[in-house]
Amino acid sequence: MRPRNNNLNLKFIRIYRWTPSNQAEAKFSVHPIHTSNCGPMILDALIKIKDEQDSSLAFRRSCREGICGSCSMNIDGINTLACLKPIKTNANIITIYPLPHMYIIKDLVPDLSNFFSQYKYIKPWLINNVPKKSEYLQSEKDRSELNGIYECILCACCSASCPSYWWNHDKYLGPAILLQAYRWLADSRDTNAKERLKLLGGKSKLFKCHTIMNCSRTCPKSLNPGKAIASIKHSINYS
């Protein structure tokens with residue numbers, strides 16, 4: 001039954017709950033929040049609920065400024081960051097799930113072990129085989145090639161919105177990791193492009209992308225992983 005609400009400042013936050021130690025099925029808890037005494041973002045509401053209503057609620061958070069990517073979750077059907085998502089003024093009920101199609105540790109906390117193992121696989125660091133005694137310099141033009149790529153904060157919103165990643169997360173690297181891979185392919189200081197492309201070759205790691213483009217639509221940083229993936233495909237097909 002939907003709670004009745006005659007107060008525009010009163011919102012009901014409906015949160016997915018599951019605890020591994022409890023054999024019961026997952027459930028929802030509903031928490032009233034007055035926006036007049038709460039911060040403007042969903043993360044503010046979650047912190048207030050944890051502090052004042054239910055200390056057992058589990059979720060990740062850190063910077064509160066859209067930089068760390070910790071508070072990624074599904075809010076009213078969209079993968080986004082709780083710290084950047086305003087509390088809706090035109091909705092009585094806001095529903096929050098963890099990132100979809102991922103194993104859950106507790107409540108809104110997904111298990112990102114596989115995600116970060118894939119990140120490690122692409123060798124996300126500068127590889128330059130030309131010895132140098134000073135720093136590796138980069139022109140402003142070359143640096144500008146990284147705009148729209150390096151800003152990725154590994155929140156996993158895009159990967160968790162990708163149907164190909166849902167069904168092939170053990171093989172397909174997913175949009176977030178492939179965007180990170182392209183970040184190093186596009187870096188003029190890196191000399192390891194050939195080996196990096198070898199890591200991404202084959203049918204499963206890269207070519208499971210079917211350009212559905214959920215990744216680009218959901219990215220809270222307004223990046224375009226789909227474009228980066230297309231660039232990698234072009235490099236492999238025409239190298």
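Quick reminder: no glycine exception, Cβ is built from N, Cα and C everywhere.
For the [4Fe-4S] cluster site, Swiss-Prot records Cys152, Cys155, Cys158, and the single candidate of Cys209, Cys219 listed with them is Cys219. Note: the Cα of Trp167 (ubiquinone binding site) and the Cα of Cys209 ([3Fe-4S] cluster binding site) are spaced 12 Å from each other.
Of all the binding-site residues in the record (Cys155, Cys158, Cys162, Cys215, Cys219), the one with the smallest CA separation from Cys63 ([2Fe-2S] cluster binding site) is Cys155. Across the structure, Cys155 ([4Fe-4S] cluster binding site) and Cys68 ([2Fe-2S] cluster binding site) place their CA atoms 8 angstrom apart.
When Cα-Cα distances from Cys219 ([4Fe-4S] cluster binding site) are compared across the binding-site residues Cys68, Cys71, Cys83, Cys162, Cys209, the shortest belongs to Cys162. Shown in sequence order, Leu43, Arg61, Ser62, Arg64, Glu65, Gly66, Ile67, Gly69, Ser70, Leu81, Ala82 are the same-chain residues outside Cys63, Cys68, Cys71, Cys83 whose Cβ sits within 8 Å of the Cβ centre of the [2Fe-2S] cluster site.
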